[in-house]
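Participant: Positions annotated as domain 'Eph LBD' by TrEMBL: 30-208. If you look up TrEMBL, you'll see Cys72-Cys190, Cys107-Cys117 marked as disulfide bond. Residues annotated as domain 'Fibronectin type-III' in TrEMBL: 327-460, 461-556. Under the heading transmembrane segment, TrEMBL lists 566-588. Feature annotation from TrEMBL assigns ATP binding site to Val653, Gly654, Ala655, Gly656, Glu657, Phe658, Gly659, Glu660, Val661, Lys679. Feature annotation from TrEMBL assigns domain 'SAM' to 937-1001.
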Amino acid sequence: MENSSSAALLVSCMWMLLCGCYLVGCTAKEVDLLNTMGIQGEMGWRAFPPTGWEEISGIGDQNMPDRFYQVCNVMKQNQNNWLRTHWIRRDGAQRAYVELKFTLRDCNSIPGVSRTCKETFNLLVRETDSDEEPELQEGLYSKIDTIAADESFTHVDVGDRVLKLNTEVREIGLLSRKGFFMAFQDVGACVALVSVRVYYKKCPAVVRELASFPDTVTGTDSSSLVEVRGSCVRNAVASGDPRMHCSTDGEWLVPIGQCVCRPGYEAIGSICKACPLGYYKEAAGDERCSLCPAHSYSTRETPARCFCEAGYYKAESDAVSMACTRPPSAARNVISSVNETSVILEWSPPQDSGGRGDVSYRLVCQTCGGGRDAAAAAAAAAPSSSTAATLTAATSPCAPCGDSVRFLPRREGLAVPGVTIAHLLAHTNYTFRIEALNGVSRLSPAPPKAVSVSLTTNQAAPSEILVVQKEGETRDSLTLSWSEPQQPNGIILEYELSCCHKDSKEQNCTLVKASARGATVSGLRAGAVYTFRVRARTAAGFGAYSTRVFYSTSQASPLTGEMKEITILGACVSMVILLLIFFIACFISGGRCRHTKGGHVPDEEKLNFWSGHIKLRRIKTYVDPHTYEDPAQAVHEFAKEITVSCISIQRVVGAGEFGEVYSGVLRVPGQAEAPVAIKTLKAGYSEKQRRDFLSEASIMGQFEHPSIIRLEGVVTKTTPVMIITEYMENGSLDSFLRKQDGQFSVGQLVGMLRGIAAGVKYLSDMNYIHRDLAARNVLVDSKLVCKVSDFGLSRGLEDDPQAVYTTHGSKIPIRWTAPEAIAFHKFTTASDVWSFGILMWEVMSYGERPYWNMTNQDVIQSIEEGYRLPSPMDCPPALHQLMLDCWQKERTERPNSGQILVYLDKLLQNPASLNVPSHSNAQVSDPLLGQAVPGYTTVRTVSEWLDAIHMARYRDNFLAAGYTSLEAVRHMTLSDIHRIGVTLVGHQKKILNSIQVMRAQTLPAHSTGV
């Protein structure tokens, strides 16, 4: 009876609950698999036993019937009432949730059931792949949880219409079958299941940063995140990999990467829309479309760019945002001024620059016929002035001007509206066309707009004489000859030669007139130095003097009178004795003197007995240009002046200490064109910079050797001042070797070193110290010939062969400099030998930096402690031994440059000496230890060794190949290193260098000379 009243009370409570309008909506990110709320018909769940759970109906808030299950068998013991749902399809969910809404009767409010009444029930699940209903047995189901109520109701609550609805949510994790059954087990409670909702969570489809992410089912557990790659919306491209992570709560986490609208499209909300007409976007990105610049437009088909209007253009260097521009109009208001054979032209800029700020000018020069008659006609037609200029084109046939015409500052690329034109012919009609150009002129099919001016030059004096040379000398006279002026400008009437003693003043000079291109000046002092200048005269007067040259007379003979006669007699007797010895030797040798076995005897080694003189080879000695008071004097003595019109500058190839370096072409009349390098002295130079610049030319001008860079000449009479040298196509040796890493044989590399050594020996024979021998200061031509260059740090020796040069605060290249030069700032040919040893190491290591990344202070300290560079990879031991000899601490123990050259020749003549043994041992007295090459004794395992040389990435390669000890590593070769998977050449070299040091530290030290 009590059981029936409890059930009735429970039903009344359910009616009150349903009438309370309690309806839960489902959010968009939760997908229902089962929801009993609002079901009107029978649910058809299976209950066992039949006296347990029962399905009842009620009326909900929409006056619609609702179905729910209840059970209230609290009077009997050992209740086991089961209720099972129909089969629920998983629908791809990996993790599901069960939401239960229920009411539960307080057992204390029911009298007499304290032993049998329960206030909990069990929730269970069984996964299956089909809807075949399993038996309702406890062993076939997995228990999810025991469900207890937070609040229970009593009969008082029902009377007061107080509703106590419980909501519990439980997770079903790691679902793997196609579906599952839910089951509810009652063990003696009075409970009503108002609704059962089974659902899973999804991260909803969304568009973030123009990337579309689909609906995504959450992960299997609370800590897992599902990574989802987004796809760009239409007309968008990926910028980075667009990704988001779906959390178990069905929420998207912060996006990684993004999509951006492609060129011609901009983001409007979550879509990419084409730029409107007249707008463009050149690159993919999140920027908005921009308005087309002036004089341009876009189309619907090409929103990514704007096109220039007809007659307008855009240069390649112009930014896309720049307006389209057009060529400029012609220059205006040309003013000409004639001064003998030179003309100054000035004009006003074009009225229309075309919308650009890079207007420049180009001059076209033509000579026109007519001669003096045309000049007279032009003068009569023109207003009274000395210019005789008109703005009308010449009516007679015209031809291009010759290469001798000089434009200052230049003929093309003029940035200012004015130019000086020199070296014109006298009494000649010229027409100059001034073309206005800008950055888009070459894009226009129309010729540049131009204005022309015609004029006639006046009578002019001859140009300067460029070459004055000595033909002969005696104790009291000098014979000179000179070239004709490059522009005579008429008939040469005579030449005037000015002769001055070096220490005398200008007014004390002697003038000698000559009708031909040569003269002898007599009455001079013996052994004195004189300066000479020459100029030519025409009907228009004298031209400019030539550059000063310095020549000296012969020394006075100390033999005079009776002493002289005795000397001559002694010479004759000596000659007779020598002849007798010569004939006796020929007789004894059987006439072999008539046929020299060695073939042709060089001229410099022949003895000439004519006139009692012996002709010996002249030993050339370097002269320090700093001993000259005026550096220009040294330049003109040792370097040839070149007319700037003979030089054609092509492009910038680099920048030096004093200015830019160009490549160009040298055109000397009567000679083939030659490629040259052109060093310029930058504007705003100081007097010291000018002296140093000219001194370098004076130094190079004294050298003539195939392994020394050749000086072609200098330009000092115009600005900028230039030094012209032969052009070396492959540039500096260090950068050339780095580009060609591993491409040459050992023999080729030694051949390069042999050429450099020959140049170093030549400098040493000249009593010259370079001070900066390094691969960067050696240039390579197209035939791989290496030549020593860069004499900026070089200095000469004094007469004393042991003399040294002491620097005064100048910079020293530490890594290439001998220790005594670093410590005492003193340089000798022996310090150059040390530097040559470093240069050899650079060549054999293909331009690697000496001492790697060690600091200068570490280098100095390591050298002082006896450490030396290890042998480069594939370097013959004989060559590395030569390096070590060059690096002897005592400079007197180093080989000289001649010995080095002989040693390299022997290596090349004996190719077997250049072979590298398979287990090449770099035998050094103390191998260099440092940051790049660690000491063998500082590590104990292969892993420690690889860490020390920063090659730990190959640890697994070594261990997998069986190299588990340093002893095994010590015997590795280059092929072994490549075989275990080290494919980068730089890493191979670094590892092999360290192995060579490792070997060397286990060998007895030794060092021998060349």
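The backbone N, Cα and C atoms fix where each Cβ goes, and this holds for glycine too.
The model shown is predicted, which means the values in this text are computed figures rather than measured ones.
Would you situate these features in the structure and describe their surroundings?
Facilitator: Secondary structure at Cys190 (disulfide bond), taken from DSSP and collapsed to helix, strand or coil, is strand. Counting Cβ atoms from all protein chains shown, Cys190 (disulfide bond) has 28 others lying within 10 Å of its own Cβ.
Under DSSP, Cys107 (disulfide bond) is assigned to a helix (H, G or I) in the three-state scheme. Cβ neighbour count for Cys107 (disulfide bond): 18 (other Cβ atoms within 10 Å of its Cβ, all protein chains included).
For the domain 'Fibronectin type-III' (327-460), the model gives a mean pLDDT of 79.
Cβ neighbour count for Val661 (ATP binding site): 16 (other Cβ atoms within 10 Å of its Cβ, all protein chains included).
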Participant: What is the one among the recorded positions Cys117, Val653, Ala655 whose Cβ has the most other Cβ atoms less than or equal to 10 Å away?
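Facilitator: Going through Cys117, Val653, Ala655 one by one, the largest Cβ count within 10 Å is at Cys117.
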Participant: Roughly how many angstrom lie between the C-alpha atoms of Val661 (ATP binding site) and Cys190 (disulfide bond)?
Facilitator: 102
Participant: Select the closest residue to Cys107 (disulfide bond) from the following recorded positions, measuring between CA atoms: Cys72, Cys190, Gly659.
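Facilitator: Comparing Cα positions, the candidate nearest Cys107 (disulfide bond) turns out to be Cys190.
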Participant: Tell me, which recorded positions from Cys117, Val653, Ala655, Gly659 are within 10 Å of Cys72 (disulfide bond) if we use the C-alpha atoms?
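Facilitator: Near Cys72 (disulfide bond), where near means Cα within 10 Å, the recorded positions are Cys117.
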Participant: For the domain 'SAM' (937-1001), what are the DSSP-based totals of helix, strand and coil residues?
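Facilitator: Once the DSSP states are binned, the domain 'SAM' (937-1001) shows 45 helix, 0 strand, 20 coil.
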Participant: Restricting the comparison to the recorded positions Cys117, Val653, Gly659, which residue's C-alpha is spatially nearest the C-alpha of Cys190 (disulfide bond)?
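Facilitator: Going through Cys117, Val653, Gly659 one by one, the Cα closest to that of Cys190 (disulfide bond) is Cys117.
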Participant: Please count the residues of the domain 'Fibronectin type-III' (461-556) that DSSP assigns to helix (H, G, I), strand (E, B) and coil.
Facilitator: 3 helix, 44 strand, 49 coil
Participant: Using CB atoms and a 10 A radius, I'd like the single residue among the recorded positions Cys72, Gly659 with the highest neighbour count.
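Facilitator: Per the Cβ count within 10 Å, the most buried is Cys72.
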